[in-house]
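Per Swiss-Prot, the features are as follows:
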MOD_RES   PRO3  N-acetylproline
MOD_RES   LYS14  N6,N6,N6-trimethyllysine
BINDING   ASN123, THR173, LYS177, ARG295, HIS327, SER379  substrate binding site
ACT_SITE  LYS175  active site, proton acceptor
MOD_RES   LYS201  N6-carboxylysine
BINDING   LYS201, ASP203, GLU204  Mg(2+) binding site
ACT_SITE  HIS294  active site, proton acceptor
SITE      LYS334  site 'Transition state stabilizer'
Amino acid sequence: MSPQTETKASVGFKAGVKDYKLTYHTPDYETKDTDILAAFRVTPQPGVPPEEAGAAVAAESSTGTWTTVWTDGLTSLDRYKGRCYHIEPVAGEESQFIAYVAYPLDLFEEGSVTNMFTSIVGNVFGFKALRALRLEDLRIPPAYSKTFQGPPHGIQVERDKLNKYGRPLLGCTIKPKLGLSAKNYGRAVYECLRGGLDFTKDDENVNSQPFMRWRDRFLFCAEAIYKAQAETGEIKGHYLNATAGTCEEMMKRAIFARELGVPIVMHDYLTGGFTANTSLAHYCRDNGLLLHIHRAMHAVIDRQKNHGIHFRVLAKALRMSGGDHIHAGTVVGKLEGEREITLGFVDLLRDDYIEKDRSRGIYFTQDWVSLPGVLPVASGGIHVWHMPALTEIFGDDSVLQFGGGTLGHPWGNAPGAVANRVALEACVQARNEGRDLAREGNEIIREAAKWSPELAAACEVWKEIKFEFPAMDTL
């Protein structure tokens, strides 16, 4: 009789409850190249040994339940169970441990981030034996990542489509995010694109409200794009947010965007859901649309240090589900992001092969094989004085997005865009000439401002603006 069909009739079924660690804590297990590996930060309840807590996580996120069941004998648990194969204390934290769990690949549906998360984090986070639980990292084996399409196009294809090389891309979120009419919204888009930006953007909560229905916004933004392209000779885009209450409505909006001939659409992937996002990503590849991803709601999931899911996991999931851009923090602006940790998941978004590096929060070596990369988007409370630091931190393969830092310019939207474009070009030129952006950044901006009155005005407005709060996301 095969292992999968062998029963326990010969030994008799013994009902009852036994410790998880007897079955799911396997410190001698050697991980396989095809296993999905997870690193959980576990905070057990008082009196619960870390081995039992780690084993409980492995059990409840794979084949286990609270009691022995008769149907265990109808399959091979050794083949399908998750295994807690290593536990280590968290330095500097009391009663916190990193539990490493290996999952056999057969537990997961191919090409489904939804199923992967339903298994690994779907139920275990409410387990009473744990005070708190955080998924810090996942190792996605090539055998699984190859079942995903991934980003619709990727970094190089996007550059080729836009004919823009050798520098970060520049964007702007239109403000106020809610309340503008479609025509005034389109006017703001045109002014920003005419001034030198590559992209403008719908804010995450701009969908189809009474003051501005989606079809009207799409039409006026398309008009703005074509007018700005004709005047500047550059390819322009606006992230048209296709997020909607149903997948059918979302696809209808994406189809209309394609019919208008615009280059890019947008989706809120966490509030919209991974199933909807993957469907949209497939449509975008098939129809030549770039896909910008907003991470609205991420901080509800990832901001607490001891409970939830770290953003590096959500970033990996997005690369699998599909997106050409994703917001990734700024390090220097108003939103969360500690430098080394942020650069860790930026590399996980962009690079093909990323070595394990615990100093940057990377618990596993990740090999994406040929899955296209994702451009990280720096957005939130940034302005021209941040440009040298952003250029140095994020490099060329990034999108730098200035909302208030464009639209808050004292002379208007187009001069605000000019100021940002001049600051960026000055920083890129200085870097290419061998200057140190970290040390000489302010001087570089001041030099450029001498021949750009728009930049000089922006420098004066934002010279005192800083967001100096400690990052919550630390190792």
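All residue numbers here begin at 1 and follow the chain in the order shown.
Even glycines carry a Cβ here, placed using N, Cα and C.
Projection of Swiss-Prot feature records onto the structure.
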residue	record	contacts (Cβ under 8 Å, 6+ apart)
ASN123	substrate binding site	GLU60, SER61
THR173	substrate binding site	THR200, LYS201, ASP202, ASP203, SER379, GLN401, GLY403
LYS175	active site, proton acceptor	ASP203, GLY403, GLY404, LEU407
LYS177	substrate binding site	ASP203, ASN205, VAL206
HIS294	active site, proton acceptor	GLU204, ASN241, MET266, HIS267, ASP268, TYR269, ILE326, HIS327
ARG295	substrate binding site	ASP268, TYR269, LEU270, PHE311, LEU314, LEU318, ILE326, HIS327
Maximum Cα-Cα separation in Å among residues ASN123, THR173, LYS177, ARG295, HIS327, SER379, which the record lists as binding substrate: 36
Fewest other C-beta atoms within 10 angstroms, as judged across LYS201, HIS327, which are the recorded positions: HIS327
Env. residues of Mg(2+) site, Cβ within 8 Å of mean position of LYS201, ASP203, GLU204 Cβ: THR173, ILE174, LYS177, ASP202, ASN205, VAL206, TYR239, ASN241, MET266, HIS294
